[in-house]
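Colleague: I grabbed these lines from TrEMBL:
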type: DOMAIN; residues: 1-294; note: domain 'Biopterin-dependent aromatic amino acid hydroxylase family profile'
type: BINDING; residues: HIS132, HIS137, GLU178; note: Fe cation binding site
Amino acid sequence: MVGFIIMSNHSAPPPGAATDWTIPQDWASYSAEEHATWDRLFARQAGMLPDRVVPAFIEGLDVLRMTRPGIPDFDELNDRLFRATGWQVVAVPGLVPDETFFDHLAHRRFVAGRFIRTPEQLDYLKEPDIFHDVFGHVPLLVHPAFADYMQAYGEGGLRAAKLGMIEALARLYWYTVEFGLIRDGGGGGLKLYGAGIVSSYGESLFALDDPSPNRIAFDLERVMRTRYRIDDYQQNYFVIDSFEDLLRQTRDADLGPVYERLRGHQPIDAGALMPADRVLHAGTQARAEARARV
Ligand code: HBI
Ligand code: FE
């Protein structure tokens with residue numbers, strides 16, 4: 001689980017970073033122990049994901065040759081990624097200001113932490129590291145509709161910043177890019193695609209198998225109103241039909257009227273169900289209740 005908070009803005013890049021907050025990856029300076037941490041995390045996820053994750057994720061790992069051992073070298077990764085969809089990965093020291101983040105996405109650049117968690121932190125960290133950012137996020141950037149969605153999200157973020165609606169956009173990111181589920185082609189089953197899930201062993205099991213969380217069909221306004229938790233597994237997962245459909249519902253939506261309606265509504269608590277929801281699974285919320293008691 002990666003429990004990072006939305007950082008506030010207008011801070012200057014740290015020494016050594018460019019004005020757009022990027023830094024060199026400096027691949028040659030990773031230690032043998034750091035490469036071994038990547039390999040451990042990779043082996044654990046690769047062993048359980050194949051029948052849980054959306055097939056496009058596995059195809060992305062393959063196209064990008066990410067199945068080779070060791071922390072990926074961004075120069076090599078970018079050769080393949082750029083040829084596939086015109087995206088690039090750039091290294092940053094940690095969380096960057098919202099508008100910097102949106103501007104990179106709008107230009108098809110995905111920002112990734114260059115550091116990797118320590119062996120003592122395999123399951124929880126506060127800021128996204130290279131395993132979360134690169135293993136979790138980058139494979140799907142090979143999928144054309146998902147690649148376009150990420151760019152559209154960055155463009156939408158820049159507009160939302162001017163309208164004071166970043167919180168609504170952050171919820172959209174959270175419940176799609178980080179914690180999204182997708183319908184499994186023909187069958188009635190669900191698959192994972194959110195990076196916060198696929199980079200977490202525990203949540204990869206919980207999100208699909210546990211009776212606690214709600215699983216609700218994706219609806220843009222509903223998602224933009226829904227609070228989320230950063231300290232534990234999610235209480236709601238929202239399910240898209242396809243990446244093409246997600247792109248249609250967001251890029252082609254006129255967000256002006258959506259934002260007007262959002263201003264007139266209260267946010268929805270994490271874990272709550274609403275009358276208009278298309279509920280695929282009504283969660284017991286047992287995990288959230290057990291956590292609230294301690
Ligand atoms: N910075 N490095 C990094 N990674 C993120 O995911 C990120 C960020 N800054 C801001 C941000 N995300 C949020 O604005 C979005 O989640 C909406
Ligand atoms: Fe992330």
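The backbone N, Cα and C atoms fix where each Cβ goes, glycine too.
Note: TrEMBL annotation is automatic and uncurated.
Locate each feature and note its surroundings.
Modeller: Secondary structure at HIS132 (Fe cation binding site), taken from DSSP and collapsed to helix, strand or coil, is helix.
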Colleague: Among all the protein chains here, how many other CB atoms are within 10 A of the CB of HIS132 (Fe cation binding site)?
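Modeller: Step by step: centre on the Cβ of HIS132 (Fe cation binding site), count other Cβ atoms within 10 Å, giving 25.
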Colleague: Could you list the residues of the same chain, at least six apart in sequence, whose Cβ is under 8 A from the Cβ of GLU178 (Fe cation binding site)?
Modeller: GLY194, ALA195, GLY196, ILE197
Colleague: Counting only residues 6+ apart in the same chain, whose Cβ is under 8 Å from the Cβ of HIS137 (Fe cation binding site)?
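Modeller: Non-local contacts for HIS137 (Fe cation binding site): PHE110, ALA112, VAL177, ALA195.
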